[in-house]
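Read the structure below first, then the notes.
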Amino acid sequence: MKLTCVLIIAVLFLMDNQLITADYPRDEQVYRAVRLRDAMQKSKGSGSCAYISEPCDILPCCPGLKCNEDFVPICL
């Protein structure tokens, strides 16, 4: 009985992992948050201003943000 339960749970777990990763090619199995972050960075383009929490010592902050120069200059 215990062995049957363990086997059923193992099969369900393996099927679940297969279904989750089936949507993405083998080389692109990365976390959803990483894919979202990369997509957001690509959509920004090269840009000529620093976005929030980016350093503002080289580029000026984008409109609506201020350069906080307390410890490390970053846009807030």
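Residue positions begin at 1 at the first shown residue.
Note: Cβ is positioned from N, Cα and C throughout, glycine not excepted.
Of the cysteines Cys61, Cys62, only one is given by Swiss-Prot as the disulfide partner of Cys75: Cys61. Under the DSSP three-state reduction, Cys61 (disulfide bond) is assigned to strand.
Taking Cys49, Cys62, Cys75 as the disulfide-bonded residues under consideration, the smallest Cα distance to Cys56 (disulfide bond) is found for Cys75. Ranked by Cβ neighbours within 10 A across all protein chains shown, the disulfide-bonded residues Cys61, Cys62, Cys67 are led by Cys61.
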